[in-house]
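Okay, structure first, notes after.
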Amino acid sequence: MQPKPIKRKDSMVPQGTSMSICSSLLFMIGQSWYEMKRRPCGYCVSFFSVLIVVAASAVSQSIIDRAPLIFLKSAEGPAGQSDIVLMANPNYLSEEHEKSPQYLMSIYSNSARQQGYLIVDFLNFTRVKEVLGPDRANQASPRIEQQVNFTYLQKTGECENSVNKAQQLLSKRQEFGSEAHFNDLRDGQQLGQRCGGVQPHPNAKFVAIDTQKEKKIGLGWEYPFDELKETEVIMSRKLAETYKLNVGDYMLIYGEFYDFYASYYIENYYEQIGKQFNLTNYNDTFINQEFSDLKKATQRFYLYQVKGLLDSTYGKFPDGDADKLIIVEHKHLFNNLAYWSWDKPFLKAMYTANPEDFVDEIRINIPDRFNIYMDSNYENIQGKITKYASNIRRDLGVYPCNMDLPVLQQLYDSRFGQLFLGIILNMIIVILFLLSVLLLYTLLLISVETKTYDLGVLRVLGFNKLGVVFIVLTQALSYVLPAMVAGIILSIPFLLYASSALKASIGVEIEVTPTTNAIFMSLGLGLLIPLLSSYVPIKEALSKQLSFALDINRSKSTAVKIEVDLEGKSLPWGRIQFAIIASLFGICVYYFLPLALLSFNIGLLLSIFFFILCGMLLGLVIFAFNIQYLAERFTVYIFLFWASSAKKTMVLKNLAAHRIKNRRTALMYALSIAFVIFIFVGMSVQIENQATQTLQQHGCKLEITSSNGYLSPFEFENIILELGGNITSFAWVTDSLDSYMQRLGFSTAYMTHLGQVYQLRPKIVGVSHTLFDMGYNQFLKVEDQINSKLNPVEQLYTSRGSQSAIIGTSYADQLNIKIDIDSTFLLIVYNNTFSQYHQMRASSIITSAPALKFSSLPSVQEQNVVVSLPTFRRLCGNLIDAVDNYPMKRLLISVSNSGNIDTVYGYFKKYIDSKGVSAKIWDYRDYETSIKQSQDLIQIIFSFLTGVVMVLSFFSLMTSMTANMLEQVKEISVLRAIGNTKMSITMVYIMEAFTLVFSSSFIGLMVGFIIGQSMALQQTLFTQLPLIFVFPWQMLIIIIIIAMIAAIISVVTPSLQILSKEIAQIMRMI
């Protein structure tokens, strides 16, 4: 009789062999739960590390998706928040055309640019709305813009009751055409003539807007004022302060709104009045009388009250208009004009006319414009905007108007910067992903190493390799899955903070919910991270021998590693990986780089350059690990000089024993810090380069440029004399010779050599001898010059300099010009029938200079050729007969100190406004505001990024130090037994952690700085500006402080856990 087999319960079957899937899964979850209870601190570290990665990925991707808002804001500064602008287009008819009312309007209109041709000066917004249809019409708003003079009311002498009189006139509108109305009209004009301030009256930009419509379409969404009443205006604060106007004050606007009256008059009443006089033809007597009377009717004072002051343009207008605006409500404009104008038969009808029939501009914003501008690809934005605009242009047909796309034009200039920022932010995601993989890899590996005995026991009981794999993966997923959900939820308050910070710094508010891309990105990262990070820990767990795993009498920490390499028994994976990476790099450089250059694919080109930089970054970090030991010794002897030699020796020996385990933490710190410093230095250099390039282009911090016509040297130098010590120096720059001579009948001016085979078209300008005395000679780079102690501009005012010019390095190379008396070139002022030839020499060859355009690159067109003012006069054919007749285009001013800029600015602004000079003042402080906004934005991004990478690296440090101390419990018990105190042992490990963190971070800082400066060096090739040195001193100080804090926190917890026990208990710890 055979014995019956003994039936064993399932629970006794070795796990991983014949258990069901359900029971195996429950066992894996039980093991994870046991590990979580056993090491709650480690579980929390793992959970929060994944939580931060998922939240950071969601926040970063959401910011990436909305990053184009930053460039939209910068484009809206000089362009305003208008996507499409329709303006009246001059429509010309010949002089022989029948003398229609429109023709007469062109002759006698104040804005007629060429007598005898029809000029349509206004758009009919009512008609345009009908053509556009209701949907597009709801996205449009009308505007009227005029240049006017204004003045305040005097309150002294016979004008002491002027305020009361103005209040009385504006308090109640009389019935139009009544006797009371004419009394108001008379009193208002007398008030303006007697109490209208000091003449000449300053000028301003008078703009009529529809507040409600512009608010509806998002034009100036931060504009703080509501709809204005009929007699109210909004003024620029700087303009009001210059002329001592405050909120509630009364002001007079003196303007010739002749175009509006003439347009309305001709369209509605001209033929009717002509028939009353039985005129079959329009004779000159009737024309002269009617339009002369009409012009008198428009030369009036218009009384208004200041409702508020504009601190900025709020996106409604370009930033350049910030100091010259007077705003009224569009729907009240005709009423007010008619009320204060001289009596004419048609004015009563005009009083009730629709002002939308006569507008200067129509501003159109595209529906859902922010989502369109959210695309980081400029070509996609351009396609959508131009498609919408083209449909409008097509539907309007032959309607006489011009179309402008101001925001799109500004975005064109920053399209490469947008690509660059997109690449950087995408690289941030990649770096966060790599850091998270490294962190989880470290956590899992340390968990496996500290569970060597437990896994060994399970394997003895029959646990197979697949079971070990699932235990590691289940443990990874135990904190990944809940961390993914919590991370997405946690991203919402982070986005709320980012939104408020962006709104405070650049005025852009973003949504506080993660985008769809961000959610999928964070979920994908969360699932991919444990799969990639578990490979090495699983391999490590399966590679341990059972005898080693079950040995509890020896320390698991080994300072010596022995490898036996049997030739041909294993694949050289390291060399294979390097060969693959090198091959891919060669393909990218050999194929994709020429492809990007030939197709002008800037995005691909920047991506290649950026990945090359990141490859340099990774390569330098790996190279730096070869000197990690030296960096650690350097840190010990510099920062731990106060410690005893025995402790220093123990720290160095601990670092040697833990080098392999610490390498992962060191790599995290070095890579993360290197990447942050690299991007920080690169972006800081970029911002500094923009500021430097702007200063180089202007050559000063306060510049006056003529907009139409030229500046008067006599008048402006008188003001400079009045300002005295407020101004240290000033310099003049003329208009280009080409532009000036075109007004005199010459077609162009060009530069060539004696053979006249090659021709260049420079901008030839005359400058005063003080140009290089403005204090910005750091931009002056002279390649060659006459041997003299004078600077290059002063040399032009010598006898030899009168025959010479300053030229750029590129022009000198192209025409083979040298600093030699026999090396000459020709400046030719060309005309079809008569041309002027001037043989010149080069006094200096320059690569770059302040306020001027030079370069050594042939691709830079229209570089300057600089001559003295007397030479410029000679090049003009001696047509300039007085100093005041020089075509001065620019006046550069050097102010003694920053506190005097307001005084100097105020003097010139008051003169320009009072004289009606067509000029604008460029103030560097206005540009500094945008620079400050950019710096604030960069600070927000990198503060967040630095915090994330430092926290992730700290988690790795904490687990590494915990594992290091647990592996050395035997050594710790021996140290305690021979008399070392708990504090002494704790300090040794704190010093080890500090040395590890600081040496790794310092290596990362230097690597990032080197890569960042190499990026800056590349930019100098294009900008021809001096290399800007930006070293992150603040980051270095922060690294030292964080290293100290991280060292203390990472050691305190495990030291308390171990050193709180008795020596015998420490000895028995597994």
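Including glycine, each Cβ sits where the backbone N, Cα and C put it.
As recorded in TrEMBL, the features of this protein are as follows:
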DOMAIN    426-545  domain 'ABC3 transporter permease C-terminal'
DOMAIN    944-1062  domain 'ABC3 transporter permease C-terminal'
TRANSMEM  41-64  transmembrane segment
TRANSMEM  419-444  transmembrane segment
TRANSMEM  456-473  transmembrane segment
TRANSMEM  479-498  transmembrane segment
TRANSMEM  518-538  transmembrane segment
TRANSMEM  576-593  transmembrane segment
TRANSMEM  600-623  transmembrane segment
TRANSMEM  629-646  transmembrane segment
TRANSMEM  666-687  transmembrane segment
TRANSMEM  940-966  transmembrane segment
TRANSMEM  987-1011  transmembrane segment
TRANSMEM  1031-1059  transmembrane segment
So which of 479-498, 629-646, 666-687 has the most C-beta pairs under 8 Å when paired with the transmembrane segment (41-64)?
479-498
Select the range from 479-498, 518-538, 666-687, 987-1011, 1031-1059 that forms the most Cβ-Cβ pairs under 8 Å with the transmembrane segment (629-646).
987-1011
Counting only residues 6 or more past its boundaries, what in the same chain has a CB within less than 8 Å of a CB in the transmembrane segment (987-1011)?
613, 616-617, 620-621, 624-625, 627-628, 631-632, 634-636, 639-640, 643, 647, 650-651, 654-655, 658, 662, 665-667, 669-682, 957, 961, 964-965, 1031-1032, 1035-1036, 1039-1040, 1042-1044, 1046-1048, 1050-1051, 1055
How does the domain 'ABC3 transporter permease C-terminal' (944-1062) divide up by DSSP, counting helix, then strand, then coil residues?
102 helix, 0 strand, 17 coil
